[in-house]
Amino acid sequence: MTSIQHNLQETRQRIAAIAERCGRSPQEITLLAVSKTKPASAVAEAADAGQIAFGENYVQEGVEKIQALSERSPLEWHFIGPLQSNKSRQVAEHFAWCHTVDRIRIASRLSEQRPAHLPPLNVLIQINISDEHSKSGIMLEELPALAQAVAALPNLRLRGLMAIPAPENDYQRQLTVAKKMADALATLKQKHPFVDTLSLGMSDDMEAAITAGSTMVRIGTAIFGARSYAATTHNKN
Ligand SMILES: *Cc1c(COP(=O)(O)O)cnc(C)c1O
């Protein structure tokens, strides 16, 4: 077993232990392995250990890995980085999910650019839940209008919400923010009964996120090890 495979197993066990502690089934929680800055060979190691869903932040780097690993079905690729309009086509053509929809303009482009032979692109609306310095995500007040517009687009499937809360060490405060997101999803579900996904929780706030109701945790470092940004292609994005 490689160290990536060992880390993956430990991460899965941690998710299962947290889920059991709060009375949820581990099957309700998808582990998204965040492979940004890591080579295709690292993704292949994780895939060999049964990992299916991978998250990428940088369009160009992600597409290169998707193409390098295209023979390895059935990997499921999630775009989780900030999305600029001029990169939307590549996301629409290569990814199965986009977690960072935060304006109607980008949603319309993704829908128009989604190839007809592919199923609809699964999208999450990104909420700026606690980080006043972040430019990504919408305020909760803006959610009903954006959700309605996204749900009307033919080649997108609105699946739920995503957030990247401001870093916070205190568990109770993490939990308060995570519960706000879970409440927002519950409210959204009243209008859009098919939404089922809350993408919330990273290495440091996974426990609070799962306790509050996250259905998808995004874990990078704990699986693939620390990132070295200098040697990567992300600045080409
Ligand atoms: C990098 C990243 C992650 C993973 O972070 P780690 O601290 O490496 O686990 C999760 N979500 C998003 C949006 C990211 O950009």
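Every residue, even glycine, has its Cβ placed from backbone N, Cα and C.
Residues or ranges marked as domain 'Alanine racemase N-terminal' by TrEMBL: 7-227.
Taken from TrEMBL, the feature N6-(pyridoxal phosphate)lysine applies to Lys36. Look at Lys36 (N6-(pyridoxal phosphate)lysine): DSSP puts it in coil.
Looking just at the domain 'Alanine racemase N-terminal' (7-227), the mean pLDDT is 96.
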